[in-house]
């Protein structure tokens with residue numbers, strides 16, 4: 001690499017306007033396909049396309065063909081066993097968040113995993129329950145089947161116990177979430193997750209972690225707290241907890257504290273020595289086994305009133321049909337659950353796909369999770385996504401493919417059918433402690449707020465606004481508020497961009513903001529204005545206001561003043577009060593002439609100035625006769641830098657056309673540089689050009705326009721100032737053909753890099 005001080009280049013080429021460039025370089029006009037052609041192509045089936053579609057819908061076909069049994073199978077087995085044990089514990093724990101019996105959380109670690117094994121494109125995520133999703137499901141469950149009072153008026157509830165009613169709501173909601181995800185996948189709208197920024201997801205998951213933490217206090221303290229849902233539910237929950245704080249079960253509290261301290265301590269060891277540990281110490285499993293043994297030995301349930309997991313059926317329950325009435329009552333809640341579940345899973349999957357160099361398909365992931373939740377919902381499973389901690393276990397223990405996920409499901413199957421009874425004495429306070437410990441990563445996201453405030457305040461507002469709204473108004477409303485804030489920040493950035501006036505860096509063809517550099521030259525009589533955003537209906541007025549600020553005057557006001565002045569001069573000429581002398585027009589009356597305030601013909605004042613009846617051309621920057629006052633215009637050319645303008649809408653096009661005409665009518669030449677050819681084509685199609693605005697105002701670069709301006713308005717004193725910056729010359733004696741000559745002495749030892 002050359003040192004910057006030795007790098008030089010010399011370019012000699014014609015001065016190009018857009019018209020000149022198109023004349024010299026023929027443009028290829030491509031025939032665009034019609035909408036009908038796209039429809040026909042979409043529904044046309046060939047053998048190759050059918051094969052690709054099959055592979056796309058069943059990604060297992062692709063990666064199983066390359067599966068290396070010798071190198072990968074052992075790793076997948078070890079990873080599957082480790083992940084399965086964690087999935088069992090988290091399934092039991094996260095089911096508490098959904099306010100349903102604990103063993104249904106195990107179903108979420110089995111049924112969705114089986115379906116994702118065939119349809120998913122990620123090889124490393126662990127499919128199953130996720131605390132945020134479980135909490136969102138729990139909010140719907142407690143709303144339709146509250147702890148106190150009558151359940152919702154749903155026909156399918158007849159003859160069912162409260163637990164069975166809640167399971168029906170959870171299963172139906174999971175089924176509906178799957179329908180939403182599958183529908184979005186088939187409609188190819190996987191891009192929708194792009195509208196959930198990392199900042200929004202971070203604020204939302206932090207708020208969810210706060211909700212989860214508060215919801216687990218009743219298990220950690222051994223209290224009976226009714227479930228609340230809706231806005232301010234977190235306040236009502238805290239009120240209920242603190243009202244009963246004197247009734248805390250000391251055995252639950254001590255057990256929870258011991259479990260949390262031990263798990264946090266060992267997890268810290270795992271993180272610090274992860275390079276030396278082949279497999280992380282499964283401290284959660286160890287503490288669960290110990291807690292089960294202690295609870296069984298001392299009979300915590302009967303002797304000390306500790307709430308335990310209780311009976312776990314050693315069989316799968318028969319599938320059920322979802323309730324259409326639940327669909328109607330929970331549709332508004334199901335959609336954000338579907339979006340959040342997919343967004344979290346896709347974000348985790350993308351991290352591992354980049355790390356291990358393979359591709360994931362967002363639309364196929366939607367189809368995979370949709371089918372998984374439909375399948376799981378039919379078997380009373382919780383809504384499935386992924387948990388970062390569980391996926392980290394699957395990847396860090398050597399998992400190579402979803403074979404590890406399948407083996408983890410087999411471990412869950414063994415627990416459900418064989419050894420589930422061993423978990424029956426497990427205190428729910430232990431599960432609550434495990435849940436709280438797993439919130440550490442989400443809660444620690446709050447430390448990003450000071451960083452965001454310093455680096456990007458709009459993003460900080462999105463984070464804080466989403467988090468606070470989700471905490472106090474509920475997760476569903478909080479997500480909507482976050483999306484609204486995010487869209488507002490996008491609109492705000494586009495509607496109020498940082499416009500700037502550019503000047504020339506001496507000795508170069510480079511133009512930068514005149515406020516940012518010392519060795520910078522601003523051409524006399526020229527303003528170079530840049531707007532760094534698309535121009536559309538929301539910011540066209542802002543653009544015009546900033547343009548007026550940059551040039552220092554309002555062109556429409558100047559035009560009106562000039563037209564009024566010309567009318568007065570013509571009127572005075574007719575009356576003989578203004579005569580033509582060798583020095584120009586001179587008033588014969590020394591009395592000041594008052595300006596008329598009649599603005600009835602305002603439209604006439606906005607038209608181009610008519611000099612037809614005046615004997616001489618008026619110099620508007622000189623002193624005018626008869627005390628006529630018109631503000632001077634200190635520029636002759638205006639350059640608009642459109643190099644970062646990506647699109648114009650119709651409203652902006654009309655506003656831009658009006659603004660350009662206002663400048664042209666006061667004899668200020670307007671040039672547009674760096675404009676995208678597609679925008680120029682749109683301007684042509686929308687009849688932008690007319691007798692006043694020509695296509696010749698477009699130039700390839702700012703420097704091309706500046707050289708042309710210096711030919712049209714030769715500077716008197718500026719030429720000496722810019723002799724080191726650029727030079728222009730006539731070619732073959734023609735005043736209209738110029739060459740750009742940006743020349744510098746090259747280091748004879750330098751080479752191109």
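Just so you know, glycine gets a Cβ as well, placed from its N, Cα and C.
Predicted automatically and left uncurated, TrEMBL annotations should be read as such.
Per TrEMBL, the feature transmembrane segment maps to 77-96 (among others).
Look at TrEMBL and you will find 103-119 (among others) tagged as transmembrane segment.
Residues annotated as transmembrane segment in TrEMBL: 125-146 (among others).
Long-range contacts of the transmembrane segment (167-186) within the same chain: residues 98, 100-101, 104, 137, 140-141, 144-145, 156-157, 160, 192, 320, 322-323, 326-327, 330-331, 333-335, 337-338, 341-342, 363-384, each at least 6 residues beyond the stretch ends and with a Cβ under 8 Å from a Cβ of the stretch. The annotation transmembrane segment is assigned in TrEMBL to 167-186 (among others).
The annotation transmembrane segment is assigned in TrEMBL to 250-267 (among others).
The transmembrane segment annotation in TrEMBL covers 279-298 (among others).
Residues 121-122, 124-125, 127, 130, 132-133, 136-137, 139-140, 144, 152, 154, 156, 168-169, 172-173, 176-178, 180-181, 184, 190, 192-193, 196, 198, 201, 204-205, 360, 362, 365-366, 369, 373, 383-386, 388, 391, 475-476, 479-480 of the same chain lie 6+ residues outside the transmembrane segment (326-349) yet bring a C-beta within less than 8 angstroms of a C-beta in it. TrEMBL lists 326-349 (among others) with the feature transmembrane segment.
Look at TrEMBL and you will find 403-423 (among others) tagged as transmembrane segment. Counting only same-chain residues 6+ beyond the ends of the transmembrane segment (403-423), those with a CB under 8 A from a CB of the stretch are 67, 72-73, 75-77, 79-81, 83-85, 87-88, 91-92, 103, 106, 109-110, 113-114, 116-117, 125-127, 288, 292, 309, 312-316, 394.
Marked as transmembrane segment by TrEMBL: 429-453 (among others). Beyond the ends of the transmembrane segment (429-453), by six or more residues, the same chain brings 89-90, 92-94, 96-97, 102, 131, 199, 202-203, 205-206, 208-210, 212-213, 216-217, 219-220, 222, 249, 252-253, 255-257, 259-260, 263-264, 267, 284, 287-288, 291, 306-307, 309, 387-389, 459-460, 463-464 to within a C-beta distance below 8 angstroms of the stretch.
For 460-485 (among others), the entry in TrEMBL reads transmembrane segment.
Summarising the annotation, TrEMBL assigns domain 'STAS' to 516-709.
Comparing 77-96, 103-119, 125-146, 279-298 for CB pairs under 8 angstroms to the transmembrane segment (250-267), the maximum falls on 279-298.
For the transmembrane segment (279-298), the neighbouring stretch richest in Cβ pairs under 8 Å, chosen from 77-96, 103-119, 460-485, is 77-96.
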